[in-house]
Amino acid sequence: MDTSSNENIQLFCKSSTQPVGQPSFKTEYSSSKEEQRCCGELKVFLGALSFVYFAKALAEGYLKSTITQIERRFDIPSSLVGVIDGSFEIGNLLVITFVSYFGAKLHRPKIIGTGCLIMGVGTLLIAMPQFFMQQYRYEKYSPFSNSTLSLSPCSLESDNQLPRSVIEKSQSKRNDGCVQTVAIIGPIFGFLLGSLCAKLYVDIGFVNLDHVTITPKDPQWVGAWWLGYLIAGIVSLLAALPFWCLPKSLPRPRSGEDSSSSSEKSKFIMDDHTDYQTPLGEESKIMEMARDFLPSLKNLFGNPLYLLYLCASTVQFNSLFGMVTYKPKYIEQQYGQSSSKANLVIGLINIPAVALGIFSGGIVMKKFRISVYGAAKLYLGSSVLGYLLFISLFALGCENSDVAGLTVSYQGTKPVSYHERALFSDCNSRCKCSETKWEPVCGENGITYASACLAGCQTSTRSGKTLIFYNCTCVGIAASKSGNSSGLVGRCQKDNGCPKMFLYFLVISVITSYTLSLGGIPGYILLLRCIKPQLKSFALGIYTLAIRVLAGIPAPMYFGILIDTSCLKWGFQRCGSKGSCRLYDSDAFRHIYLGLTVMLGTVSIFLSIAVLFTLKKNCVSKHRSFRTKTEGTMVSTRIRKENCTTSDLLLQPNYWPGKETQL
């Protein structure tokens, strides 16, 4: 299912044809009916395959959109979330190589259907922890009430006080362009579904939502992450149904027998013109195919062009997988946006730009009839320009939020060195506060405090879901005007220039996504044309396996580990172990996230240059070999013609040597 859709369609249409020279007893009418039946079943197969690609891409896109929700719900660091994200690819490791090799010779529709069933069940299992774990518990200051309250957060909060729960007792060629386009649409719907679910409370349907005192903008908010997995799982199960009703193969229409369907064959491989097809009337032997496995693998890795392109793609996908996995988190932390909005802009802006870039690359390749060498240059050029644009994002970051004791001192001066007791000051020394809690309060002075207790607040009032604290001693000492010492629940907004920076970030990000994706189709064409025709399916399987193993699994892990090093304030689980990060150093996060992406991209560019030089060398050597062979053939033909002419003349009765030169 991860190999090319073009291979799926071509192999599905292969079937036994009549031997050459044997008369056909079918009438024109029956031939027309057979062709209509073939086209009808092929359309069904194409539609079903497109739906499978959509379902798979939907699940993958939704997984990326729920990273921050899962991190908060289970109180785990980014490094562990990276392991969860990478584990999504592990299932492919066990079967993808053998499916790509044997699947081309067995009942491919049923193999695809089985894969869909497994994928659907696995997606449903991801949502199961929600139904077996206790409901989400977040910190809150007081029971919900519409009345005005008078309480003292400073004196009520202490080290041994257990947090209250919100829970009261109530308890997811044209056919090949078609399929790839649908595969691009999948992540769009995945991120949009993630945006919708992020607005819904995690325990929706299990609790009375009137008792929920936080909003999606609150740092403690967790959306209904599990709901999208149920939807994606059901979609995958539905996608499996049509494949159990399809035959193993279809008769190829007679009108298409003389068409040059294998136009890519011999465009680059000039020394092998053998047509490798399954013998007619014979079933594939599993053991015979198994014996050819290692020789095929050796043949594949003996191709230096394929090996270099594989390395270049693997490094580049490390860059792209890491970037996409943590992009919603980067938007949230760097620009102060909600999880729902981060997923929305990625789904509506970034992914359509990628789809447009891939489509544009295909149009350019077709319209200008670009050769394989030109495709390699276009692939390299798009990578170079894309990563140059990406570098400009370093200048489009926002400064750290002013958080007392973490990024600024309690007096409001910058900077401050973070250490264990930095959260405590003289203004809150008489309060028995916990340094592990993260219940941010925005002071009237524009500084965020880790909790109302650490802000030294004495009283509070609540009206609906709005909670205001008064007489906050720490806010008063840093107040810039009139000594106002009140505060609101939640973090303060970023500085005034941050919304403008976010807009610039979106523009550059869209252009970069479009530019990088321009090289998608040229790179794919390069991959197909640098291998022998009989190894195409196997080569695509190995390629996909390498991308999954060496990029899809490790990239989210080490990106997450490095991102965790920029954490300023860690949360702690109820058992005392370290939980998820509550606050990041914006500058460090930006440099790690963007720097790692650019570094990997630069390595892939150098490998792509090596691909270009190797391709040029191969093309020149093959052209010389072909030219020498052609010239040799022409010389031998001319000599044979001269010999034949001389012998013919000698046989003529009126011919003698020297006749042409005699006056």
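Quick reminder: no glycine exception, Cβ is built from N, Cα and C everywhere.
Per TrEMBL, transmembrane segment is recorded for 80-104, 110-132, 178-202, 222-246, 305-324, 344-364, 376-396, 501-528, 540-563, 592-615. Here TrEMBL flags 421-476 as domain 'Kazal-like'.
Beyond its flanks by at least six residues, the transmembrane segment (592-615) meets 304-305, 308-309, 311-313, 315-316, 318-319, 322-323, 326, 330, 372-373, 376-377, 379-380, 383-384, 386-387, 390-391, 393-394, 526, 530, 559, 562-563, 565-566 of its own chain at Cβ-Cβ distances under 8 Å. Non-local neighbours of the transmembrane segment (178-202) in the same chain are 5, 46, 49-51, 53-66, 69, 73, 130, 136, 172, 209, 212, 216, 221-228, 231-232, 338-341, 343-344, 346-348, 351-352, 354-355, 358-359; each lies 6+ residues outside the stretch with a CB under 8 Å from one of its CB atoms. Counted with DSSP, the domain 'Kazal-like' (421-476) comes out as 7 helix, 15 strand, 34 coil.
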